[in-house]
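Inspection log for the structure reproduced underneath, given as structure tokens.
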Amino acid sequence: MKAVNVEVTPLPGIGVRKDFALRNGRRIGVVTHRDGKIELIISKSDDPDACLAEIPLTTEEAGALANLLGAPQLVAQLTEEHRDLPGIHTRQIPVGTPFDGRTLGDTALRTRTGVSVVAVMRAGQVHPSPTPDFTLTAGDLMVTVGTSEGLDNAVKILKRG
Amino acid sequence: MDHTALELIELGAVFFTLGLLGRLAGRIGLSPIPLYLLGGLFFGTGGVIPLSGIEGFTTLAGEVGVVLLLLLLGLEYSATELVTGLKRSWTAGLLDIVLNAAPGVAVALLLGWGPVGALVMGGVTYISSSGIIAKVLSDLGRLGNRETPVVLSILVFEDLVMAVYLPILTAVLIGVSLVGGLTAVGVSVAVLAVVLLVALRYGRFVSALVDSPDREVFLLKVLGLALLVAGFASAMQVSAAVGAFLLGIAISGSTAENATKLLEPLRDLFAAVFFVVFGLNTDPATIPPVLAWAIVLALSTTLTKLGTGWWAARRAGIGPLGQARAGAALVARGEFSIVIAGLAVGNAAVDEQLAALATTYVLLMAVIGPVAARMVEPTARWVRSKRPSAAPAPSAGN
């Protein structure tokens, strides 16, 4: 894996810009305002100095985006590890509003579906091996391992409660 | 009608009109400052509806407005940002002073306003409006652009220059000798250095002095301390505004952020009064004679700011389009030009027409600035498409 060199540039009076150059020369990153507001920035293809878009994100939205970007990598790794075990699958499942503020134990996933929760992704952070008293938040992504059928049931439970 | 009732009605009418003007400005994507000035011209001396009886309040409120404008400017930048900004942009900053003060100085001398008038007009044409520029950059989605740090560090430099310039101007206006003027320069530079040092090392103590978990207590402490510092600075002939600016620098971290949030609405209110008072004291009849000069200044200083930004961005390795954007972003003048002119107006050593010229100039520049920032990119692209051989397009791969 090639290391990514993130450039940190102070913006006096506004905040900080953190970005890096992609392989194709475009820049991608975030502008973090003093008051915590985050904007996603992507440079234009024909003018690397300018931005194609500045997309304001709330903390929750930034966290959700970080999950989307970070989870597939984790799932791919786990899938690779379970390759020799036929019938076992890894999947990322979003936590729905019914379990917002409730614990992992409340979902009773293991008892109801046989599915194991390997990790919870929140705001791009991996919380590995969560215990039953781990408190969930809507928008979390659960990285789960189980049979296809069990995983399908788990999706339904986490969505509807 | 009872005296107080009349005053309340007048004040209410002024604020309500300003609110409507501010809304109009927001609709057409302009800074409200030129409209506030127009509002002042409309109500004031020789205007359509002359107001009377509220001068006592509005004059003091206008002074508080200046203190708050400068206090929030100081709060905006941490001492670290100021020091790094100074290191990074001093060459561009010096070019900025030379290029942009020169047109103001030249016009003042041509009009026969003498060295004092030249000093004032130089300041008026030099200082960009960091308020307008920050808003325009954010509205146009340019905060993530690579030329933006260049623009911002020039603004930081300009604000530090203000901290030295305002005490000098104050000293010159009260008619001190050359030695006295040099002493004022020495004292202001020394005080600025001490404040930066204190803010860098011991900023948390100053913050602790005003900080409070209770919003009301915090507001009263910050505002009270700002007015105290401004008042003492003024009594020592240093310029009230600079006292407030230095206090703003000394307050740092989360205290500065909270103070900014609390004081912003107050600043908007009192600064609006300040612009109106400036407009009130300017007789609209004095504008036509200086209009031509204001247009000459507006055009020449638009070009000089474009040149400054272009040069600074070029040195930072920004491409041609970014250079044009950096130049155009710096064009807007606004609140601080009026603060400078406001110090000078009413002084015996300053020509009466200066207020009219400064008002007209800021009216033009506060409108030209945001328009230039918007128009520059389509214009630059169009020019480049007409001359494809002259300037090769930047490659996508940097």
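Quick reminder: no glycine exception, Cβ is built from N, Cα and C everywhere.
Owing to the predicted nature of the structure, the values given are computational and were not obtained by experimental measurement.
Annotation source TrEMBL lists domain 'Cation/H+ exchanger transmembrane' at B:18-371. Annotation comment: TrEMBL describes B:6-26, B:33-54, B:60-78, B:90-113, B:119-138, B:150-176, B:182-202, B:222-251, B:290-313, B:325-348, B:354-376 as transmembrane segment.
For the transmembrane segment (B:182-202), the list of distant contacts is 78-80, 82-83, 160, 163-164, 166-168, 170-171, 176, 237-238, 242, 246, 249-250, 252: same-chain residues at least six beyond its ends, Cβ to Cβ under 8 Å. By the Cβ criterion (under 8 Å, sequence separation of 6 or more), the transmembrane segment (B:60-78) is in contact with the transmembrane segment (B:222-251), since 3+ such pairs are found. Of the Cβ pairs linking the transmembrane segment (B:90-113) with the transmembrane segment (B:222-251) and spaced 6 or more residues apart, fewer than 3 are under 8 Å, so the two regions do not touch. Here the transmembrane segment (B:354-376) has long-range neighbours at 29-31, 33-34, 37-38, 41, 107-108, 113, 117, 120-121, 124-125, 129, 132-133, 136-137, 140, 278-279, 281-283, 286-287, 289-291, 293-295, 297-298, 301-302, 306, 324-325, 327-329, 331-334, 337-338, 340-341, 344-345, meaning same-chain residues at least 6 beyond its ends whose C-beta is under 8 angstroms from one of its own.
Of the candidate ranges B:6-26, B:119-138, B:150-176, B:290-313, B:325-348, B:150-176 contributes the most Cβ pairs within a distance under 8 Å of the transmembrane segment (B:222-251). Long-range neighbours of the transmembrane segment (B:119-138) within the same chain, counting only residues 6 or more positions beyond its ends whose Cβ lies under 8 Å from a Cβ of the stretch, are 31, 33, 73, 76, 96-97, 100-105, 107-108, 113, 148, 151, 154-155, 158-159, 161-162, 165, 168-169, 172, 297, 301, 305, 329-337, 340-341, 343-344, 350, 354, 357-358, 361-362, 365-366, 369-370, 373-374. Long-range contacts of the transmembrane segment (B:325-348) within the same chain: residues 31, 33, 37, 62, 66, 69-70, 116-117, 120, 123-125, 127-133, 136-137, 142, 145, 147-148, 150-151, 154-155, 162, 165-166, 169-170, 173, 239, 241, 271, 274-275, 278, 281, 301-302, 305-310, 312-313, 318, 354-355, 358-359, 361-362, 365-366, 368-370, 372-373, 375-377, 380, each at least 6 residues beyond the stretch ends and with a Cβ under 8 Å from a Cβ of the stretch. Same-chain neighbours of the transmembrane segment (B:6-26): 32, 34-36, 38-39, 43, 51, 53-54, 57-58, 272, 276, counting only residues six or more beyond its ends whose CB sits under 8 Å from a CB of the stretch.
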